[in-house]
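Written below as structure tokens is the structure these notes are about.
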Amino acid sequence: MKKIVIFASGSGSNAEKIIAHFKHSDQAKVVKVFSNNPKAKVLERAANHELPAEVFTREDLNNGTVLQKINTIQPDLIVLAGFLLKFPEDIIAMYPQKIINIHPALLPKYGGKGMYGENVHKAVLENKERETGITIHYVNEQYDEGGIIFQKAVSVEECTTPEEIAEKVHQLEHEHFPKVIEQLISKS
Ligand code: GAR
């Protein structure tokens, strides 16, 4: 059985879709959720699925504590699902091509530091983009610059608020992220 761990900082709607998708799989399972935010709703969602969850600090992330915790699990895939801190180089070096992130836009557009969640959707609206979408990519040392695994576009021509765009993007994420993970896992 392949092991997936999830890192999330907020609501965790993607995390929950992934947990549910693999709940009855004989190929892979989500074994743990990590969060840097003690108030994140993702912790509640993990508990509802009787899944272990652990909160860590930014210091833990950057001083090797989180790496040690990951090493005790030996995951086959590390999934960043709405994780908002920069992922440290020691973990990236130890798990090459085994860490993936979802970004709520069509990278390389609307990527980089500060471009997360609502900020992305506001920028898309301000620039009067006709479409946006999702990007699933490997994580490397630069924000949002690792190799692209999957992209899907959606029209936002009729959206008038960032919330409307967010809803469309979330729908795409929920539909595709678990499937893309399943494909990656089956090849690993
Ligand atoms: C998702 O839209 C994800 O793409 C985005 O945060 C949201 C988390 O939603 N991630 C980033 O912006 C990373 N740069 P969720 O907590 O409901 O899954």
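Glycine is no exception: its Cβ is also placed from the backbone N, Cα and C atoms.
A quick note: this is a predicted structure, and the numbers were derived from the prediction, not measured.
Feature annotations, courtesy of TrEMBL:
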ACT_SITE  H103  active site, proton donor
BINDING   G12, S13, N14  N(1)-(5-phospho-beta-D-ribosyl)glycinamide binding site
BINDING   R58, N101  (6R)-10-formyltetrahydrofolate binding site
DOMAIN    2-181  domain 'Formyl transferase N-terminal'
SITE      D144  site 'Raises pKa of active site His'
Pairwise CA distance, G12 (N(1)-(5-phospho-beta-D-ribosyl)glycinamide binding site) versus N101 ((6R)-10-formyltetrahydrofolate binding site), rounded so that it is a whole Å: 13
Spatially closest candidate among S13, N14, R58, D144, the listed recorded positions, to H103 (active site, proton donor) (Cα to Cα): D144
Env. residues of N(1)-(5-phospho-beta-D-ribosyl)glycinamide site, Cβ within 8 Å of mean position of G12, S13, N14 Cβ: A8, G10, S11, A15, E16, K17, V42, R45, A81, G82
Whole-number Å value for how far D144 (site 'Raises pKa of active site His') lies from N101 ((6R)-10-formyltetrahydrofolate binding site) (Cα to Cα): 8
Least Cβ-crowded entry, counting other Cβ within 10 Å, from the recorded positions listed as R58, H103: R58
Averaged pLDDT score, the domain 'Formyl transferase N-terminal' (2-181): 96
DSSP state at G12 (N(1)-(5-phospho-beta-D-ribosyl)glycinamide binding site), helix/strand/coil: coil
D144 (site 'Raises pKa of active site His') versus N14 (N(1)-(5-phospho-beta-D-ribosyl)glycinamide binding site) - Cα distance in angstrom: 18
Cβ-based isolation winner (fewest other Cβ atoms within 10 Å) among the binding-site residues S13, N14, N101: S13
Residues satisfying Cβ distance under 8 Å from D144 (site 'Raises pKa of active site His'), sequence separation of at least 6: N101, H103, L107, P108, G111, G112, M115, T135, H137
Nearest-integer angstrom distance between the alpha carbons (Cα) of R58 ((6R)-10-formyltetrahydrofolate binding site) and S13 (N(1)-(5-phospho-beta-D-ribosyl)glycinamide binding site): 22
